[in-house]
Each structure stands twice: as structure tokens, then as C-alpha cells.
Amino acid sequence: MKKLIYYFGSNGSDGNASMKNILGNKGAGLAEMSNLKLPIPDGFTITTELCNYFYTHNNNFPKNFQSDLKKAITELEIITGKIFGSTSNPLLLSVRSGSKVSMPGMMDTILNLGMNNEVCNALADSCGDKRFALDSYKRFLEMYGSTVLSIPSDLFEQICEKHKMQADIHKDSDITVELLEKIIDDFKRLHIKYTKQLINDPYEQLESAIKAVLHSWMSNRAVIYRKINNISEDCGTAINIQAMVFGNLGKTSATGVAFTRSPSTGEKKLFGEFLINAQGEDIVSGTRTPMPIIANDSNSMQAMMPEVFKELSQIAQKLEEHYLDMQDIEFTIENNKLYILQTRTAKRTAIAAINIAVQMVEEKLISKEQALMRIDPESLNQLLHTRIDYSKGLTSIAEGLPASPGAATGIAVFSPYDAEKLSHHHKVILVRHDTSPEDINGMHVSSGIVTIRGGMTSHAAVVARGMGKPCVCGTSNLSIDEKKQILTAGDIVIKQGDIITIDGGSGKIFLGEMPLIQPTFSEESKLILDWADEISSLKVRANAETVNDALVSVKFGAQGIGLCRSEHMFFDKNKIPLVRDMIIAPDIERRKLAVQKLLPLQTEDFKALFRVMKDKPVNIRLLDPPLHEFLPTTEEDKKNLANSLNLPLSMINQRLHAMHEVNPMLGHRGCRLGICSPEIYQMQIEAIFTAIFELHKKEHIECNLELMIPLISNVGEIQKLKMDIYAVIEKLEQRYRYKFSFTLGTMIELPRAALGSKKIAKEVDYFSFGTNDLTQTTYGISRDDIASFLPYYLEEKIFESDPFTTLDEEGVGELIDIAIKRGKSSNANLKLGACGEHAGNPASIEFFHRMNLNYVSCSPYRIPIARIAAAQAKIKHG
């Protein structure tokens, strides 16, 4: 068996920062801080190997683990000068989880372990503070009971509230020694009620606590968190056991969390919160509203503990310069002595991540490449957050702490269950006293989060920032009744289902729906995206067919349009009647008449698009979907169509019935329409090239056209359509006395097209991989129907991910690889692109880079994500 226990502390460390795989993120940080000679409580880390062994050996420990554990405790006793379980000089322990990847609040922690009646008395004697000893015992019974013994945590809270009410006490800090003794007695009875015994033996407490932490790795909340954040279940958790240091020893003791820069904005100054006379869980759980580390008032640490503040500032700077990244630091102050409990790379908003990355490049701490690798591409969604338009003179009903930026409107809900249930039909704002890891699903589906208690580093704040959701915490002027499902702000009563708006940037809450403003990119955002474009070899284009889409695309840095779905233009209310006339027309003459009416409208559509894009490439796909998608479905629309065509309704119904297809997505669509109904493609070709000529002649705009044929499966299809297309273009060149320049390409979206790409490539200038249909036809799964079984497939690990979100490299990717190799073998100059949903997915973009594609094309709002992902792929793979 490999080494399972690594020491750290005042005598140095067995490990270092590079050992996250076995020591976990927290353990590696503690080891590294030991090596940096920082003040940390002595302790040891039990490696992730134990977790993996535990789950593969029927929840048992390895043979010699218990004896190794006792040796480690003995070593800790020698270093600290205290004895575990002693009735004269007791050593108390903290037991904390720590996986390779940080999972804030998802795993279990036990403090003050080793407590019993005798130890409590000894602790009181040694420190001369009975209230502190009893408070520590109370905390242990509550944490051990809820975490290890699975006693519902609200039962402990109910006992406390009952005693406080009877004694007419409102603050925990006012609880007397006598009241603490009564609460402890009731806590003990609760333990005995649930487990038939009170576990007093310190080693039995320790072993059961270790098992509880290991079990928490597979807890429902941790599994959900890992799924949401794509964290592997195989890495397991390490366990960190440390000598307790106490932040609840009185007014010269405290606990807190500090960030070396602002996690919301990236501003370069120490940011954080602390609580006097408290333990670590008080601040991260959000059950008490903390005070700031830096502020202009007398309640800040800077004002109350200036010497400790100075030391903390120096340590924070040292840690950031050592790790070359913003740090999240947990600390405890015991009788004015500072201890660092943990440091880790801090979670941050997308805005903060970009600002910090740019600052650190300017400070010459890191390179542009390192800066880009620190940006989570998906987090850039946060840059698209809306904000409230305050120019309208709005009045808020409440104000709390601005815990996570952005604005959101939705119906107020008061439980995670209701959030999940109602989110299917509404945007929801989850309102809670405070959140806990069990609320993770409800938080995930909510548009925003409000908590009555808690601060900027509470569970709600940290998780909301990680999810990119607006969050307001510490709204002490609000009161909530979760049972009655009402929220009260002064005289205003908000019931479940009432609409509220929250501003996570200012901490304000409003009744009703507020006017919102779309965000704009900061100069730092533009700069880091420019760096991405400098580095990446994969160009990023947009899927766009409207002027608005094109404008948004250009704003977000698109280098062209990679997919213009021309059929989307047909759904305009002025065009759809003509399209229906064209489809339903009983004879060729009527059809041609409808086509001619459509021609000038389509011409204007294309002109508008080319104007926005100027000389950037615009890849126009000819009509693709089956014609039934344009046809009326309601009786009223059918009657209107009959009237416009001056035909009986029965004939319309007969024609609709004749056009019905059993499987239209594999039926009469794409190039098959162009071959069987050539007048449609002919009209589109005339509209496109007329638009190009008119812009050239009248507005001096030189268009960069790429013309694409959809759903090819056979080289004969492309040869036939190519002939028809060039015949129309030749006539237009004669009419306008102008030579058109363009490239011709095809979608590769069917397996047969991929396999037959050698012949197809000879006929075209480029391939564009339509990965949506290629995935559908490779798997034999409809994208519209996969939701009925995908959750089960993911749960059973039949699929590793949704194949319509992340490209299946093994199957679909293999077809793309074949198509590229065979296509290039017959056409060395073949250009390559991808335009499905996968083209905006970072993992898929990495694959497209490895396949040496020229560009990807995604929705306008995925462009910033794709630009960063393309640069990261280049940095990783060259």
C-alpha cells in the first residue's frame, strides 16, 4: 500500500503544491504553506488513495491504517505539546475534506473533534473560560451529530431556538453558561435518541469522522455539483486533520476569509470578511453576517485588529506572488495570533478573471498565454449578464450585499423543490434564510438567489459566482416565512409567484419587473479577446441570418458568417404567405409567380446582411428544411391560405396530406428540394447574386460570398446542382455584364457524404461539417427526442456526455477525420469549417483545432467563448 499520511506544519512538510492528485487541493496548499514557513496549525493529510481504497473495498480501511493513524496523532501530540483525549491538556482536531478540484461547501467538515465531558472541563480549566469550552462542545455535538450520525441539522437549531426563546435571548453571543449546559444536555439526548449511545471515545470519533468525510464524496449534493461542473468522480477526496485553533476564545479571537483581489471585479486590494469570537463554519455557512476586512468604518479588521491585519496583508501578497494567481485564504485568529488554515486559487466572476489576467500580464507576473489559459471559456456567459436601467428612477424595496453580479427577474420561490418544479415554466428567484449544499439543484435552475443571512463569502455567494448567477446576501431588512411562503419588506408582502427583480451588482431588490440593459464588453475583455485572436489559428465565425444577428456577431468579434440559414428569412410575416403560395400552388405557373414575388424580398435580405459584414466571408446555405415546416397547421391559417390562392379548403387539405412525410428530417429536404423543385434554388441564386451586383455598383461594397449546398450524400447530387447553379449565374453575368467571384461548398452532415468525400471534394472549394445532423444520423437519435432517455444514459454512464453538446470524437469525430483525409487527398486546397452546436463548445473546439479546420461557426452569443477556446486549443496543442 502506498504512503497514506503526509505531515505538514511548523516542522515543514512531506508534500508540496504539485501533489494535488494525492493530497487534494487543500492538502497540497497546506504542504506548500508549510514550506513557505507560514503560520499554519500543525497536522497531516490522509491521501486520496484512502478514498479510492475505501470505495473499492466495501467501505473498509486498509490493514495497517488504524495503527498509522495513531502514529500520526502521537506525532501531532509531540509537536503541539497537547494530548488527544487528555483530561488535563487536551488536543482537539478539525477534520476537513479536500479533493483535487475545489468544491466549496459540498463536502463535510467536523470541528472540535475529541470532545466529551471530561475534555470539556479540562479545556475550560486550561484556558480559564468555561463559556468558550461549552460553546466548543456544543458546536462539536451539532457538527458531529449532523455530519457523522446523520441527525437532521434543523433539530439542533430547533433546540437552540427553544432555549433562546425561553430565556428571551436573541443573539448567540448572549447565551449564558447555564443555557449552554442545558442545550448540550438536549443535544446529548438527541444523539442517544438517534444512535442509542453517546460516542465519547476520541479515536472512535476520529475514525467515524474520517468515514463520514469519505461518504460525503458520494453524497447527493457532491455528485450533483460534480456533474454541473464536469468534475471526475474518480479523483476522490483527501482528508486534512489539524490541531484546532480557536477563533471563539473572545474578543481577541476571530475567523475569516480573505481574497487577494476582489472576486467580483478583480480590483487589486485585499477583500474579505471576518467574525469576532467565531469558528470557521460560522462564516462560510452564512448563518451570521460578517464584518469587512477593509472598510472606512470602525467595524473593519483594519480598524479593530491593525497588527493582525498588517500580517494578513503581507501573507496574502506573499501567497499571490508565490502561486502567481489570486488566492482565497481561510484564517483564524486565536488571542491575536494569526493562523492560515487554507489557501487555494480563488473562484471568481468572468469579469474578475479577465481583469486579473490582464493586470498580471501588465505586472509581468504571467504571459499572455498563461492569462488566456486561466479564463474558463464558459464563464464568459457572465459577460452577457443584463443590468438594471437606473435612469428610470427606480425605488428598491430592500438592499443587501452585492454577492454576485448581474440582474435577474423572476417569480419568488422559497424552496429548492419549488424552484426545480416551477423553473420549467417560469424564471425563478430562489429566496432563502441561507443556502446549504443540499440546495444545489434549486440554485442551478434559478435565475437569481437571495438570502436573508450570510455575507460575500457565504455558501450562496460562492456558488452563485461560480454559476454566474446574480445573488444578493445579508438582506437583514427582509423577513421570510418559508412555511407560509411569504417575504416581508416593511409593509410590503411578497407571496410565492410574485415577480421580483434583483441586482447582484448593487445588492438591491425590487418588486416587479424592472427595465434591463444589455451589457457591453470592457476594455480588458476586448484586450484579452484580441490576444486570443493573435494566438489562435482557428477562426471564429457566426451563425447569422438577420441584420441583428450580424450586428451582434461583429460586436463580439466574428470573422465572418459561417452559416446563413436562408430559410429563416422565409419565416418573416411578409414572406411566409408567399412561401406557402409557392409550395401549395397547383401548377408550375402559379409556383413561378409566387417565386418571382419572393425574389425582390430575398434580394433585400441578402443586401442587408452583406452591408453589415462588408468584405468578411458570408457562407449562405441554400434552402434546407422540408417544406412542411412552412405550411399552416391551424384551421385559421389553412383558411387564409385557401382564400389567398382562391382555392377550396378541401384542395388545400388534400395538398397538405399529399406532402406529409413519415420522417421528414430524412425525407424531401436539402439538396433533394433543389433537384426536384429547381425554381426555389434558382430564385435564391438570383437573389444572392443580384444583391452582390447592386451593392458593388451602387454602394461600392465588395461581397465575399461562400455558397453552400446542404444534405449531400452522393456526388451525383452535387454535380447536378452545380450545373443548375452555374447556368443561373452565367445568365446573370450576361444580364449585368459582371463577373462574379465566389466559392462553392457543401455541408458534410451525413455518414455517406463523409465516406464519399474524396469524390465530393473534387466538385467543391470547401466542406462545412454540420455536426448536428451528422450526430443524429450517426447515432440514429433525434436531437428533439433524446431528452426522454439522455438523463438515464448519463446516470448509467452509457454516454459520458450529451453527444449534441460535446462532439463524440470516437464515432462522429472519426467520420470527420475520414472526410478530411479523403477530401484533402483529391483536393489539397479544400477549406474546412464546422457549423453545428458543437462549434461553440470548448471541448469540441479543441477537437476541431486538432483536425486542422480553418474555422468554426457558432451562435453570436457563443463567439467570445469560442475565441478563448480556440486560443487555448492552440496553446495546448500548437
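Glycine is treated like the rest: Cβ placed from N, Cα and C.
Binding of substrate is attributed by Swiss-Prot to R621, E749, G770, T771, N772, D773, and the same site annotation extends, among R541, R565, R850, R862, to R565. Closest by Cα distance to T771 (substrate binding site), from the recorded positions R96, H459, C835, is C835.
All chains included, 29 other C-beta atoms sit within 10 angstroms of the C-beta of T771 (substrate binding site).
Mapped onto three states, the DSSP output places C835 (active site, proton donor) in coil. In terms of C-alpha distance, the listed recorded positions R96, H459, C835 place C835 closest to R621 (substrate binding site). Residues of the same chain lying 6 or more positions beyond the ends of the region 'Linker 2' (503-537) and with a Cβ under 8 Å from any Cβ of it are 351, 354-355, 357-358, 368-369, 371-372, 375, 383-389, 392, 394-409, 448, 450, 464, 469-472, 475, 478, 489, 492, 494, 555-557, 849, 864, 867-868, 870-871, 873-875. For the pair E749 (substrate binding site) and H459 (active site, tele-phosphohistidine intermediate), the Cα-Cα distance reads 45 Å. The secondary structure of E749 (substrate binding site), as reduced to three states from DSSP, is coil rather than helix or strand. Listed recorded positions: R96, H459, R565, R621. The one with the lowest count of other Cβ atoms within 10 Å of its Cβ is R565. Listed in sequence order, N543, G562, L563, N619, M747, S768, F769, G770, T771, V856, S857, C858 are the same-chain residues six or more apart from C835 (active site, proton donor) with CB atoms under 8 A from its CB.
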